[in-house]
Amino acid sequence: MKIAVVGATGLVGTVMLKVLEERNFPLTELIPVASEKSVGKEITFKGKQFKVVNMETAIAMKPDIALFSAGGSTSLKYAPLFAEAGTTVIDNSSAWRMDPSKKLIVPEVNAYELSIDDKIIANPNCSTIQMVVALKPLHDKYRIKRVVVSTYQSVTGTGVKAVEQMMNERKGITDGPMAYPYQIDLNVIPQIDVFEANGYTKEEMKMIKETRKIMGDESIRVTATTVRIPVMGGHSESVNIEFENDFDVADVKSLMQKTPGIILEDDIDNLKYPMPKDAHEKDEVFVGRIRRDESMPNTLNMWIVADNLRKGAATNAVQIAEFLVQKELI
Ligand code: A2P
């Protein structure tokens, strides 16, 4: 099993390598790939050194799977070239997500859709992944009509430059590189990605469209407000869910507890609820603050937290790869 990690020197690529190592992914050869400027650089994986190669070299090595996290335009250009060489690409960018011919996969939700013919598979947006893991069992049981979500997103979702901006601001350095149009430390920015014509941001529209595609139900109504906060460990979400049918709060908690990939942290008497500080470097989705919305019939409030670089990106991609290997779909 030859595995290429495209964008191996980047923020998500680095976590992909870590997750492959931790989960003891059954690979025999690792091919770290990055841009020309990084070719020859050494990457340590399971105590061994691997040299970074460029795209052309990697394609010629015919990897079985390529995990891509090198930006949308790189994916658009190179994913088809890897696919033509027989490689199955799992792409973390937004390039292929809404392409009707490509599957958008969160293993806990819709891995069953995958077949041996899927050569480019899309990894969803980080905020969407953690939300649908919790929504799916609830939709199966109570039928979701509408979701209202507000996010509190970590600066790591923007990349290294954003982390640097926040840390510089914390140290009082005012002339460092800026990833955001405003100061992020001691602030909250109600804009993630660019604005679209309808007044929503691209991130908000991703959450709306991707949720329906992954859940396989275009009737679910979703509205989102996505917000950047000066936090590092993961993304948090306040989610209000209206169901067709009534529910029992205790049953919702028990469903969450039983769902693979979810950890229920909901014990208000002991002040237990999910927080990004605790979700950091964890692969699971953390759910808490489950309570009835007393202003609307059949409606629930919950709080969902996950490490956006892990379950929101690298872990989800590696889990797709694991599924392909287990089911012999490559
Ligand atoms: P490099 O480090 O050589 O620039 P991040 O999202 O954290 O900025 O990381 C982006 C990743 O994608 C990096 O590993 C970067 O490599 C890689 N990358 C960017 N452009 C290309 C390209 N054209 N071909 C291959 N890798 C690329």
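Cβ atoms here come from the backbone N, Cα and C positions, even for glycine.
Keep in mind it's a predicted model, so treat the numbers as computed, not measured.
TrEMBL lists CYS126 with the feature active site, acyl-thioester intermediate. With a cut-off of 8 Å between CB atoms and residues at least 6 apart in sequence, the same chain places GLN153, GLY157, HIS235, ALA306, ASN308, LEU309, GLY312, ALA313 near CYS126 (active site, acyl-thioester intermediate), listed in sequence order. Reduced to three states, the DSSP call for CYS126 (active site, acyl-thioester intermediate) is helix.
For the recorded site, HIS235 (active site, proton acceptor), the DSSP three-state label reads strand. Under the heading active site, proton acceptor, TrEMBL lists HIS235.
Counting only residues at least six positions away in the same chain, no Cβ atom sits under 8 Å from the Cβ of LYS37 (NADP(+) binding site). Positions annotated as NADP(+) binding site by TrEMBL: THR9, GLY10, LEU11, VAL12, LYS37, SER38, PRO177, ASN308.
Taken from TrEMBL, the feature phosphate binding site applies to ARG97. Of all Cβ atoms in the shown protein chains, 22 besides its own fall within 10 Å of the Cβ of ARG97 (phosphate binding site).
The substrate binding site annotation in TrEMBL covers GLN153, ARG228. Around ARG228 (substrate binding site), the same-chain residues six or more apart in sequence whose CB sits under 8 Å from its CB are GLN153, VAL155, GLY157, THR158, TYR180, ILE184, VAL188, ILE189, GLN191, ILE192, listed in sequence order.
The average pLDDT computed for the domain 'Semialdehyde dehydrogenase NAD-binding' (2-117) is 97. The domain 'Semialdehyde dehydrogenase NAD-binding' annotation in TrEMBL covers 2-117.
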Out of SER38, PRO177, ARG228, which binding-site residues lie by ligand 1, with a C-beta less than 6 Å from some atom of it?
SER38
Of SER38, GLN153, ASN308, which of the binding-site residues has the most Cβ neighbours inside 10 Å?
ASN308
To see if you understand the setup: which same-chain residues, six or more apart in sequence, place their Cβ under 8 Å from that of THR9 (NADP(+) binding site)?
PRO32, ALA34, SER38, LYS41, ILE43, VAL52
Pick out which of the binding-site residues LEU11, VAL12 has the most other Cβ atoms within 10 Å of its own Cβ.
VAL12
According to DSSP, collapsed to three classes, what secondary structure does SER38 (NADP(+) binding site) have?
helix
